[in-house]
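Trainee: Dumping the structure here so I can ask a few things about it.
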Amino acid sequence: MEGYKTNMQQHIHDVAVCGYPLSIFFIVVNEFCERFSYYGMRAVLVLYFKYFLRWDDDMSTSIYHTFVALCYLTPILGAIVADSWLGKFKTIIYLSIVYTLGQVAMAVSAIHDITDTDKDGTPDDMTFHVVMSMVGLFLIALGTGGIKPCVAAFGGDQFSDSQEKQRRTFFSVFYLCINGGSLLSTIITPILRAQECGIHTKQSCYPLAFGVPAALMVVALVVFIVGSGMYYKAEPQGNIMMDVCRCIGFAIKNRYRHRSGRYPKRQHWMDWAEEKYDKLLIAQIKMVLKVLFLYIPLPMFWTLFDQKGSRWTLQATTMDGNFGALVIQPDQMQTVNPILILTLVPIMDSVIYPLIKKCGLNFTPLKRMTVGMFLAALAFVCAALVQVEIDKSLPTFPSASQSQLKLLNMGAEPLKVKLPDNVQLELPPNQVCQYLFKTTMYNIYSYRCRITVFILILTKRILKLECKYSKGLQAIVNSHRNNDANVQMYDFATFSTTFTIRSGSESCDYRREFGFGSSYTFLIHSTFKFGPSCHESISAVEDIKPNSVHMALQIPQYFFITAGEVMFSVTGLEFSYSQAPSNMKAVLQAGWLLTVAIGNFIVLIVAELAKIPEQWAEYVLFASLLIAVCFFFSIMAYFYTYMDPAEIEAQFKKNVDDDKDDRALKQKMNFAKDSVESDDEKDENKQTQL
């Protein structure tokens, strides 16, 4: 096998471009397309839940983080399958097919026309869309997680031992493709989502936003298969994680069997595995367990970090994304993260860390991770402050036990209204008045959700036509004509919209500027006549004011969370790898991914169980929890003793060799002793015979 591998690697080295095996170019393109597919789909996912499936914020957040958690659990399964059964190449092929089917299922689930039998723009059978999307997300989680630990390692296998420099460059380019795919997809897919598409009615184009990532995944699969004949495909050699689990399981079982006090205690509980497993393996597992113990507080960081794709995106939907010449979609704010990563990583490595070192401060990896956790908590404090400002600008919505009455006076004179319990209101002309009341007062207490009741006071000869805009803008157009009026809207992709009122061959254009989150009611007065000044007979009533808090206020929280990621995640992986034996890297990688999954499950628990009414309070809760965890982690880091696994392994092997030499010397001495005793016995026999 070794000879075969050497010959294959020599062949690969011969088929090279600029000193690099030709096969790695297919792997790099595959990774770029796959990351574009994953992050592009994930960028618009929470808005798909809220605006297409009509789930509330908590439900959307819970399902989003359940999906992310599964994406970080399945890599463990993928690594075991690749190393123990199929090999890396076949695992990537099979799970990429599963991955592609999942992306296609998501694109199909977003086509509203499939179940829109009455052609009103709203799916009539939401169950179909929910089931399709859940099946798609499960397949995507299985696919993206399963190939995650295989692609980078498979690329590294393509280099010979003499190409160490090229291998390092490959990994740098490989991770650049990850960030590049993430950045481009997070910019492009929200733009695709903001378009309008449909067969019968035009709605936000989620099918296109999911369809393009699905197409990129097909491209990734095809490109990888095309390079099949150029790859070196190593046979599965067994998975170290399974050996570690078996060894730990045997140690626990053996310790339980010998729990009685009559058995002597051992220095470490893993020493109970010495009856079956090699001492070197046990020593390596001890080093890994020491690092894994430090992982216990880490999930809390990921609890906060991954909310930039859920809670922070939902927060951006209540903000103003108009940057003048550029209009930012709420889900595009996530692009700030990869941009800052590409900026901060070289700054930290080249400027910040060397400067701290010159100041004489011992800024150890564990101290960096502690600071990173604190920065993430600070980011959520910023998010809470932004949320407080947003809450000030939002309209007053009814609580779970209330209903809301909106009264609209379309007349030219003030109008007095008398409500139950002797409540009297005076409605100004062409304005809306809102009134909150307890649900039981109007005998509709059986509704447990928020109820909004619209009562429109209409003048005679009024024709009402509602036109709702799914991107956060709503217009209610009220037209009165003796004959039918046809109202059409154009150019809703921008914030300037044209309404065209048609009656036979006559038409009137009315143009209005909108803002994020605004709602208007347009009144067409009885004096309306078609002509150049027809728009003067149309008046607008502002039901809900546009979002006034600008999205730029989210930049500080993105800066702190990204700086925390650089100091926590990058340093954490570097520290973990430096503290583990060379053959245990996969175990630590699995443990690290497990902390991400647990962190997302924590979000799920808080969102579903805590039910905190105020969003800013939830942000403060998460920040407080991370600060508390940061304090305990700093204590653990203070008492941690750094190791050199290579030196420990070398010393251990030396001791084992010394033991072998001692046993060999002892055997020689015993053999010599036996030889002397044998000679003495012979002399005795001779004397006896004589």
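Placement of Cβ uses the backbone N, Cα and C atoms for every residue, glycine included.
Okay, these came from TrEMBL:
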{"type": "REGION", "residues": "670-690", "note": "region 'Disordered'"}
{"type": "TRANSMEM", "residues": "12-29", "note": "transmembrane segment"}
{"type": "TRANSMEM", "residues": "36-53", "note": "transmembrane segment"}
{"type": "TRANSMEM", "residues": "65-86", "note": "transmembrane segment"}
{"type": "TRANSMEM", "residues": "93-114", "note": "transmembrane segment"}
{"type": "TRANSMEM", "residues": "126-147", "note": "transmembrane segment"}
{"type": "TRANSMEM", "residues": "208-232", "note": "transmembrane segment"}
{"type": "TRANSMEM", "residues": "287-305", "note": "transmembrane segment"}
{"type": "TRANSMEM", "residues": "339-356", "note": "transmembrane segment"}
{"type": "TRANSMEM", "residues": "368-388", "note": "transmembrane segment"}
{"type": "TRANSMEM", "residues": "558-577", "note": "transmembrane segment"}
{"type": "TRANSMEM", "residues": "589-607", "note": "transmembrane segment"}
{"type": "TRANSMEM", "residues": "619-640", "note": "transmembrane segment"}
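Help me picture these features in the structure, burial and contacts included.
Mentor: With a cut-off of 8 Å between Cβ atoms, the residues of this chain six or more beyond the transmembrane segment (65-86) that come close are 42, 45, 94-95, 137-138, 140-142, 144-150, 236-242, 306, 309-310, 586, 589-590, 593-594, 596-598, 600-601, 603-604, 607.
Long-range contacts of the transmembrane segment (208-232) within its own chain (CB-CB distance under 8 A, at least 6 residues past either end) are made by residues 5, 8-9, 12, 15, 21-23, 25-27, 29-34, 36-38, 40-41, 44, 48, 89, 92-93, 96-97, 99-100, 103-104, 106-107, 109-110, 154, 157-158, 185, 188-190, 192-193, 195, 197.
With a cut-off of 8 Å between Cβ atoms, the residues of this chain six or more beyond the transmembrane segment (339-356) that come close are 179, 183, 363, 558-559, 562-563, 565-567, 570.
Same-chain residues lying 6+ beyond the ends of the transmembrane segment (619-640) with a Cβ under 8 Å from its Cβ atoms: 293-294, 297-298, 300-301, 303-304, 307, 311, 364, 366-367, 369-370, 373-374, 376-378, 380-381, 383-384, 387, 606, 610, 612.
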Trainee: What else in the chain is close to the transmembrane segment (589-607), if you only count residues 6 or more beyond its ends and a Cβ gap under 8 Å?
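Mentor: For the transmembrane segment (589-607), the sequence-distant neighbours (Cβ-Cβ under 8 Å, at least 6 residues beyond its ends) are 58, 61-62, 65-66, 68-70, 72-73, 75-76, 79, 149, 241, 291-292, 295, 298-303, 305-307, 310, 572-573, 576, 618, 621-622.
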Trainee: Report, as numbers and ranges, which residues of the same chain sit near the transmembrane segment (36-53): CB under 8 Å and 6 or more residues beyond its ends.
Mentor: 59-61, 63-64, 67-68, 99, 103, 106, 110, 112, 126, 129-130, 133, 140, 144, 181-182, 184-186, 188-190, 193, 204, 206, 209-210, 212-214, 216-217, 220, 309-310, 313-314, 317, 330-332, 334, 470
Trainee: Using a Cβ cut-off of under 8 Å, list the residues of the same chain at least 6 residues beyond the transmembrane segment (287-305) that approach it.
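Mentor: For the transmembrane segment (287-305), the list is 244, 270, 366, 372-373, 376-377, 379-380, 561, 564-565, 568, 572, 576, 579-581, 584, 587-588, 591-592, 594-596, 598-600, 602-603, 606, 622-623, 625-626, 629-630, 632-633, 636-637, 640, 643, 645, 648.
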